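Record features (TrEMBL):
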- 71: active site, for OMPdecase activity (ACT_SITE)
- 73: active site, for OMPdecase activity (ACT_SITE)
- 73: active site, proton donor (ACT_SITE)
- 76: active site, for OMPdecase activity (ACT_SITE)
- 22, 44, 71-80, 133, 194, 205, 225-226: substrate binding site (BINDING)
- 16-241: domain 'Orotidine 5'-phosphate decarboxylase' (DOMAIN)
Ligand code: C5P
């Protein structure tokens, strides 16, 4: 039996859903954190908020005991990335951070080491972004990649998992196959989660999945942005996420 089967849907949401704070202001970000405090404990801070506020945004979230996924997608020479990961890890609210797998094996190895140096007793998870979901296969030859996006993402994912990082960011569709291939340990982080019947205006996510199906596919953390923060009622949106997870739990019990 899956270990998840013993948990309630709302507990799983608290542990495994990461609500993206894709806002321009700290006020909007903390307002969502405060609103969802009983339901969601993990939040994603990306380059948009971090570039404006720096560690002050992490301090504001730490005050609220939020766990932060710091999604700054580091990509530089190994020593610089190692120091950046150490600096990120030194902030106790950061439980996970991203690097680009295309930075190569040495860069990822240094990223993992840097995170451990920054917080030796409980380092944050380091996960590698493979191919950006916005990339199209026809663009790849222009930077010398002679394969389709999916093959390239799989190649980068395999490289990442050999390089000492904890896992990869991928669509829930890729998670399904990857989980079978790589076993239970690697962390699979999946954006592109959508609720049935909820339309997102101008949606740029192509390979989407519902929360319950993403859990079934083996996703470790579900990153959910617009379905929650653009909802007229974000609490109801999180409850709909719980309901989707509950329907999967019923199937596996
Ligand atoms: O699409 P949604 O608003 O749920 O986005 C959740 C996260 O997914 C965003 O914070 C962004 O980092 C990521 N994203 C992505 N590819 C896109 C759009 C967003 O990976 N095309």
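Any Cβ shown, glycine's included, is placed from N, Cα and C.
Whatever TrEMBL says is automated annotation, not expert-curated.
Annotated features taken from TrEMBL, shown on the structure.
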residue	record	DSSP (3 states)
22	substrate binding site	coil
71	active site, for OMPdecase activity	strand
76	active site, for OMPdecase activity	coil
133	substrate binding site	coil
225	substrate binding site	coil
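Ligand 1 lies within reach of 22, 225 from the recorded positions 22, 76, 225, judged by a C-beta closer than 6 angstroms to any of its atoms.
If you measure from the Cα atom of residue 73 (active site, for OMPdecase activity) to that of residue 133 (substrate binding site), you get 14 Å. Other Cβ atoms within 10 Å of the Cβ of residue 225 (substrate binding site), summed over all protein chains shown, number 19. If you average pLDDT over the domain 'Orotidine 5'-phosphate decarboxylase' (16-241) in this model, you get 95. A C-beta separation below 8 Å, combined with a sequence spacing of at least six in one chain, links residue 75 (substrate binding site) to 81, 99, 100, 102, 103, 107. Note: the Cα of residue 225 (substrate binding site) and the Cα of residue 76 (active site, for OMPdecase activity) are spaced 27 Å from each other. Over all protein chains present, the Cβ of residue 133 (substrate binding site) has 17 other Cβ atoms lying within 10 Å.
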